[in-house]
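Starting off with a structure, shown below.
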């Protein structure tokens, strides 16, 4: 007996039954005659199928007692399917969508799988070419922000996806965002602006991609220690003294060689134990001019200014001198404008901001000077031994001493706020950054220590055993927003990550201990007991 659907069944039930029979093919008793579901009411709550041998309906045993399944003969199934498809084609789009939702809701996992296979190739058949592109659905600003979170290699790979991605990955706005990220931006605002200006075209549009490429290559060279080295010779007496020093033990070693260095865009300025200050042409390594005024070793100096350079120097002769230097392609001139007297022993260190100079001395004191009139504004006395290094901003003064301590002073009234003690030797050099809440110090004990400025807690130590640190007295230390550069008696310069303390590279070229250094985003300038000044150029 042929099974048939009740006339009262609506078209939705018919289509559901037919399509479900197709989706459940993998679970039918006979592949030619699949079992399908029907919502038709019947008194016979059983599952039936058509036996291919006898053509008789046979009951099935099933746990699905709430649903009734019937089976069409092959010919009947085919004819019913044609009718349902014809009826489906007569529906409008909204009706088709409603019907499909109902059908999908009645499917189980096997039908879902089959449905995905059948429809995958037709998902975007009539859609725009970028209908599945997530970046095509977003405003450009958001797309640029997302892409700027990637590393440069990934951005390059993304540019190959399609035309839209190539456009986004080549757009100047993306490269501007990348170049101005903290990781890639220059530490010096002046150098940052100079580089942007150098890569600005005639239409006054910065070439941000080229700017970023240079910054990426520059940082890579820093991380790998790839640089070109120039050597400046001229401090002859310092060189002869350093030969004598080699015969002496470290504890009795006398000061000799190049004791301090600074540089600007075109010149390098170095102070020596012979009492002279030399100005060098950075490009040719030629000596431009020699300043003679101090009667003993020059121990520290500061340089600022552009057209007319202001040079401030401190010496073993207990004085601080303020010089004016003007250098042209065809001529140069210099003059000592002011001499500051007040320290009773060697002026070992000094820092200048605007017209304020803070100096540290072997007389155990720190002094604050007004350079416009030469007056001493305040004297800070709390160290019990020589002051070897000092730094300051308009809120704090930080000093290090032979008494193995670091002291933090309030700038406005000279009150000592905190004393830091952890080094086992003299604190020879230091750096502090209030924004990063950080002090970094080097010492006679070969260690580099990191401190919290706000609490005075020592948060990290770099030594030669566990962190590949220096194997000699650390005599020079400078830092910026992401790196610390140190020089030591082991003849090396090391660069460290300021956040993690990881060593980034080690530079070797001096033949004796490194006594002083200065650096910017492009280069390091260092002086040594060997009497030479070296320029380490990382520019790509």
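Positions of Cβ are set from backbone N, Cα and C atoms, glycine also.
Positions annotated as domain 'F-box' by TrEMBL: 132-178. Annotated repeat 'WD' per TrEMBL: 264-290, 291-325, 340-379, 380-419, 420-461, 467-506, 507-540, in sequence order.
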Going by DSSP assignments with H, G and I as helix and E and B as strand, what are the residue counts for the repeat 'WD' (380-419)?
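The composition, in the requested order, is 0 helix, 24 strand, 16 coil.
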Ranking 264-290, 291-325, 340-379, 420-461 by Cβ pairs under 8 Å to the repeat 'WD' (507-540), which is first?
264-290
Cβ under 8 Å to the repeat 'WD' (467-506), counting only same-chain residues 6 or more beyond its ends: which ones?
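Apart from its flanks, the repeat 'WD' (467-506) reaches 182-183, 187-188, 222-225, 250, 425, 428-431, 433, 436, 438, 440-444, 446-448, 450, 460-461, 512-519, 521, 524, 526, 528, 536.
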Sort the residues of the domain 'F-box' (132-178) into helix, strand and coil with DSSP and give the three counts.
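Taking each residue of the domain 'F-box' (132-178) in turn, the totals are 35 helix, 0 strand, 12 coil.
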Could you put numbers on the helix, strand and coil content of the repeat 'WD' (291-325), residue by residue per DSSP?
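Secondary-structure composition of the repeat 'WD' (291-325): 0 helix, 24 strand, 11 coil.
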